[in-house]
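Taken verbatim from Swiss-Prot:
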type    : residues                                                                                               : note
BINDING : Ser9, Lys41, Leu73, Lys87                                                                              : substrate binding site
BINDING : Ser9, Phe10, His17, Gly88, Leu89, Arg90, Glu98, Tyr122, Ser123, Tyr124, Leu125, Ser126, Ser127, Ser128 : ATP binding site
SITE    : His17                                                                                                  : site 'Transition state stabilizer'
Amino acid sequence: MTGAVCPGSFDPVTNGHLDVIGRVAAQFDEVVVTVLINKSKRGMFTIDERIEMLEDATSHLPNVRVTSWHGLLVDYAKQEGLSAIVKGLRGANDFDYELQMAQMNQKLTGVDTLFVATNPTYSYLSSSLVKEVATFGGDVSDMLPAKVHSRLLARIAERAAENS
């Protein structure tokens, strides 16, 4: 059985993430989507909320499961017996950063990183950009699963109410 891990913060999951996850799921027997925990960053959504949104958005993919991890991703991949880390690349900036990470991960544990070119439809898309645009009232409904979009708008409204 071949398995891969697709890591990210997924705060929130976008249609670009889902495109990559779906394409990876077609290539591997098992795909573990892993929400990486970074305690130095305060996300818009909790880890549990992100996992819930990812589970809902990937429920049609029987070989995908969702987890979270705090620590070195390669340690998680080794622990779970996953043969590859798969990362979506939007452009050259992503590649420059991810290549160094891939080389370090390979050196540490021998786990390889595979890069998947993002569908051009989503090459501009990032969770950070979606949150920023939505916060200022921009329409991001076609960039997120419908349930995620609803939750994002609700969270933005909650934060606005807290700050007024």
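Just so you know, glycine gets a Cβ as well, placed from its N, Cα and C.
Keep in mind that this is a model prediction, so the values were computed, not measured.
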Number of Cβ atoms other than its own within 10 Å, given for Leu89 (ATP binding site)
18
Using Cα positions only, nearest of the binding-site residues to Leu89 (ATP binding site) (Ser9, Lys41, Leu73)
Ser9
Is Ser127 (ATP binding site) helix, strand or coil when read with DSSP?
helix
Which same-chain residues, if any, lie at least 6 apart from Ser127 (ATP binding site) yet have Cβ under 8 Å of it
Ser9, Phe10, Asp11, Pro12, Val13, Thr14, His17
Please report how many Å separate the Cα atom of Lys87 (substrate binding site) from that of Leu125 (ATP binding site), as a whole number.
15
Return the member of Glu98, Ser123, Leu125 nearest to Leu73 (substrate binding site) in space, with distance defined Cα to Cα and candidates limited to these binding-site residues.
Glu98
The record lists Ser9, Lys41, Leu73, Lys87 as binding substrate. What's the largest Cα to Cα distance among them, in Å, rounded to a whole number?
21
Which residues of the same chain, at least 6 positions away in sequence, have a Cβ lying under 8 Å from the Cβ of Glu98 (ATP binding site)?
Lys87, Leu89, Thr113, Phe115
What does DSSP say about Lys41 (substrate binding site): helix, strand or coil?
coil
Between the binding-site residues His17, Lys41, Lys87, the one whose Cβ has the fewest other Cβ atoms within 10 Å is Lys41
Cβ proximity for Ser123 (ATP binding site), under 8 A, sequence spacing 6+, ordered by residue number, returns Gly16, Arg90, Gly91
If one measures from the C-alpha of Leu125 (ATP binding site) to the C-alpha of Lys41 (substrate binding site), what distance in angstrom results, rounded to a whole number?
20
Which number gives the other C-beta atoms within 10 angstroms of the C-beta of Ser9 (substrate binding site), all protein chains shown included?
18
